[in-house]
Structures are given as C-alpha cells and as structure tokens.
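Engineer: Here you go, one structure.
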Amino acid sequence: MSAGTAKTPLSNSFFSASLADVDPELSRAVQQELGRQQHEIELIASENIVSRAVLEAQGSVLTNKYAEGYPGRRYYGGCEFVDIAENLAIERAKRLFGCDFANVQPNSGSQANQAVFMATMQPGDTFLGLDLAAGGHLTHGAPPNVSGKWFKPVSYTVRREDQRIDMEQVAKLAEEHKPKVIIAGGSGYPRHWDFAKFREIADSVGAVFFVDMAHFAGLVAGGVHPSPFPHAHVVTTTTHKTLRGPRGGMVLTNDEALAKKINSAVFPGLQGGPLMHVIAGKAVAFGEALSPDFKIYAKQVVENAKALADTIISGGFDITTGGTDNHLMLVDMRPKNLTGKAAEAALSRAGITCNKNGVPFDPQKPTVTSGIRLGTPAATSRGFGVAEFKKVGELIVTVLDGLARAGEAGDGAAEKKVLEEVHALTDRFPIYA
C-alpha cells in the first residue's frame with residue numbers, strides 16, 4: 001500500500017465505535033445515571049428532563065465547530081451551518097419572550113449574569129439584590145462569588161412575618177445607596193415578583209432594572225407567570241430548569257445600545273468560541289416551548305406545585321410564604337425538629353431527590369439548614385399530574401415523620417415501603433424507554 005493510501009490505526013473504529021466499546025467505565029456511569037433518572041422522583045427545582053430531540057442536537061457534529069463571533073461576523077470560516085442554528089435560537093427566543101434582542105451564547109446563567117454586570121457597571125459599583133439567605137442567588141452578590149468580590153452588593157430581604165419581598169426596604173435601600181443596578185430574581189423565592197414596582201424604584205434612582213428569571217422562565221414562556229418585559233431593562237435566564245432545554249444561559253433585552261454592550265461582554269469579554277452543539281439544543285427547546293403543548297406543561301407545573309405544597313402543609317410542615325405561585329417551594333423542617341440535611345438524606349434513601357436549603361432567618365448553618373427545596377418541573381415532564389403529586393406529598397410526609405420518630409438514621413421500614421411506591425410510580429411514567 002502506498003503512503004498516499006495508508007490508513008491510520010484509528011480509521012476503522014474512530015468514527016463508528018460506541019461509547020460502551022471505547023470507554024466501558026464511563027458508559028457504565030452514564031447507564032447508571034440513566035437508571036437513577038428513570039427510577040427516582042426528581043424534585044430538585046432547578047432540574048428537568050429534556051426531549052430526545054434536545055439530546056440529539058446536543059450530541060451532534062456541531063460539537064466539532066469553532067465559531068468565535070456572531071452569525072455573519074465570525075472569526076473562522078465554515079460557519080454557514082452553525083449560523084443557521086444560532087439564528088434559529090435567537091429568533092425563537094425573541095418570539096418566546098416578546099423581546100427585540102437575544103444573546104444565546106452564555107454557557108450558563110452565571111455567565112449571563114456576569115455579562116450583564118460587565119455591560120452595566122464598573123468594578124466597585126453598587127447594586128441591589130435579594131439576600132442569598134432569603135432566596136437569592138450566589139451571583140447576586142454573595143461574598144465568595146465574583147459579583148460580591150468585584151462589585152459592592154447591597155442586599156434586600158423578606159419580611160419576617162410572611163417571608164415575602166419587603167418592597168419598602170427595597171425602596172429605602174435604593175434611595176440610600178443609589179445603586180447602578182437593581183436585581184429581581186433568585187433561586188428560592190416561591191412567589192411572583194412585582195416587576196412594575198421594582199422598575200418604578202429603579203427609575204427613581206436612575207438604576208438599570210435587571211431580572212434574573214432563570215427559575216421561572218419556562219413559566220413565563222408558558223403564559224402562567226408574569227413576564228418581566230416591558231418593565232425590565234435586561235433579563236437573563238438559564239435555558240434548562242422550567243424552560244426544559246440544555247444547560248446554558250441567555251440574555252434578553254429591548255434596548256439596542258445595551259444589547260451591543262452585552263454582545264461585547266459575552267464575546268470577547270467573557271467567552272471565546274460558543275458551544276454550538278448546546279446552542280442547537282437551545283434552538284430545539286425554544287421551538288418546543290413555542291408549541292401549545294408547552295403551555296399545557298407550564299400550567300401543569302404550577303398546579304402540581306400547589307398540590308404538593310398543600311399536601312405537605314396538611315402533613316404538619318410549614319411552607320415558606322404559606323404556599324407557592326411558581327414551580328418551587330421551601331419546606332421548613334422546624335415544626336418536626338428536623339434539619340434539611342437529614343431530610344434530604346432520608347428522602348434520597350426512599351428514591352426521592354431534593355436538596356437541603358436554608359429558609360429565611362435560618363438558625364442552622366448553610367451545610368445543615370432548616371429546610372428543603374422541592375420543585376415540580378422534572379416529574380411533570382414525565383407525566384405526573386395533581387393526583388401523582390398529592391401521592392408524592394404523602395410519601396414525603398411518611399418518610400419525614402419516620403425520620404422524626406427514629407432519629408437521623410431514619411425509619412428503614414417506612415423508607416423501604418416508600419421506595420417501592422416510588423418505583424411503582426416511575427414505572428407508570430417511563431422516560432427514554
């Protein structure tokens with residue numbers, strides 16, 4: 001065989017061998033994770049289950065393509081087809097949220113937030129955000145985060161008596177500190193936000209009003225949650241969670257001048273080449289979210305959350321704010337003298353996945369907490385309705401009551417029985433079968 005026709009050692013299998021053939025160890029971990037998702041009830045509020053179409057787009061050959069820049073203005077050749085993917089994502093995002101500009105390149109919600117900070121502030125500038133301990137997010141000024149290191153965060157909180165946003169405090173802090181930016185949004189607040197009032201306060205001090213709707217974007221898209229537009233100057237979101245797309249971020253605005261600053265902040269300010277396979281997955285998910293079926297899904301997410309909250313309250317637990325308007329709730333363990341850490345572990349043993357979470361004015365350490373956070377997006381995606389979520393609420397109460405009786409090791413018999421019922425439920429609503 002001549003040198004010109006010689007084959008490399010990889011050529012026979014490199015493009016055809018499966019993951020199981022090439023890397024059995026990793027393949028086994030993937031299959032185990034698939035089994036976990038299939039047979040456990042996922043109640044982590046920030047997680048969801050994507051369609052097979054999203055998985056296919058994200059696992060496509062678009063992962064091979066470098067595409068620094070923006071559609072039609074790339075720094076590499078050969079981008080004509082990935083431009084189609086990104087333009088589809090942009091146009092669908094704009095339709096979905098009724099805005100004029102969308103940047104779909106951020107690799108995460110955190111990077112989307114960083115881009116907004118870069119576009120609207122200088123290091124050392126002051127901004128207002130919800131305290132992490134009251135349901136805010138790390139990127140809204142927590143001391144370990146870059147937002148707390150490079151800028152001067154001032155935190156507003158919730159009222160002790162009803163755990164709702166203290167808008168009088170927001171107005172007072174804005175007047176006192178004259179922030180450049182005011183943020184609405186968080187990771188543990190179960191009620192609607194008064195976007196109009198926030199904008200009024202922002203206008204009174206000349207601040208940019210920034211909404212981080214990472215948790216409830218899918219509910220906005222589905223028409224069951226108030227939209228931050230037209231009140232917000234700029235909006236960020238993740239593309240997973242309630243929006244049910246691949247893990248990633250996005251920035252939206254109606255302000256052309258601000259959009260240009262955001263584009264520059266994303267690239268070249270924070271990122272180089274965007275992840276085109278993920279952007280393709282975003283395009284697919286946004287297309288799905290434009291369908292009538294998604295509106296039905298979003299409505300069901302909220303109805304399921306209310307049913308779950310009501311059932312848990314009936315079981316003797318407190319829900320922060322007394323209920324929920326969206327997809328999530330914080331369950332206060334203190335009426336049963338439990339910690340969030342112990343509750344998370346007990347529920348995990350029973351096949352129910354959630355996360356420990358602080359509650360407002362929590363006396364426990366962040367690594368222990370007095371609460372757990374529950375959400376309905378993932379189990380709703382697999383087909384659970386109100387009846388199933390009432391049952392899930394009853395199962396949660398059974399496990400936690402057993403924990404209260406037996407101590408930190410939990411009630412093994414109760415947990416085993418609940419695990420069997422969890423498997424019966426998940427078998428009725430299979431995923432990726």
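In case you wondered, yes, glycine gets a Cβ from its N, Cα and C as well.
Pulled these features from Swiss-Prot for this protein:
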BINDING   Leu132, Gly136, His137, Leu138  (6S)-5,6,7,8-tetrahydrofolate binding site
MOD_RES   Lys241  N6-(pyridoxal phosphate)lysine
SITE      His240  site 'Plays an important role in substrate specificity'
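Are these features on the surface or tucked inside, and what are their neighbours?
Structural biologist: Long-range Cβ proximity for Gly136 ((6S)-5,6,7,8-tetrahydrofolate binding site), meaning a same-chain Cβ under 8 A and a gap of 6 or more residues, is found for Gly129, Leu130, Ala142, Ser155, Gly186, Ser187, Gly188, Tyr189.
According to DSSP, Lys241 (N6-(pyridoxal phosphate)lysine) is assigned to a helical segment.
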Engineer: How long is the line from the C-alpha of His240 (site 'Plays an important role in substrate specificity') to the C-alpha of His137 ((6S)-5,6,7,8-tetrahydrofolate binding site), rounded to the nearest angstrom?
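Structural biologist: The separation of the Cα atoms works out to 16 Å.
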Engineer: When you measure from the Cβ of Lys241 (N6-(pyridoxal phosphate)lysine), which residues in the chain that are at least 6 apart have a Cβ under 8 Å away?
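Structural biologist: Result: Ala45, Ser46, Glu47, Asn48, Ala214, His215, Ala217, Gly218, Pro377.
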Engineer: Going by a 10 angstroms cut-off between Cβ atoms, which of the binding-site residues Leu132, Leu138 has the sparsest surroundings?
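Structural biologist: Relative to the other binding-site residues in Leu132, Leu138, Leu138 has the fewest Cβ atoms within 10 Å.
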Engineer: Pick out which of the recorded positions His137, His240 has the most other Cβ atoms within 10 Å of its own Cβ.
Structural biologist: His240
Engineer: Can you give me the residues near the recorded (6S)-5,6,7,8-tetrahydrofolate site, meaning same chain, not Leu132, Gly136, His137, Leu138 themselves, Cβ no more than 8 Å from the center of the site's Cβ atoms?
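Structural biologist: Those within range, site residues removed, are Gly129, Leu130, Asp131, Thr139, His140, Gly141, Ala142, Asn145, Gly186, Ser187.
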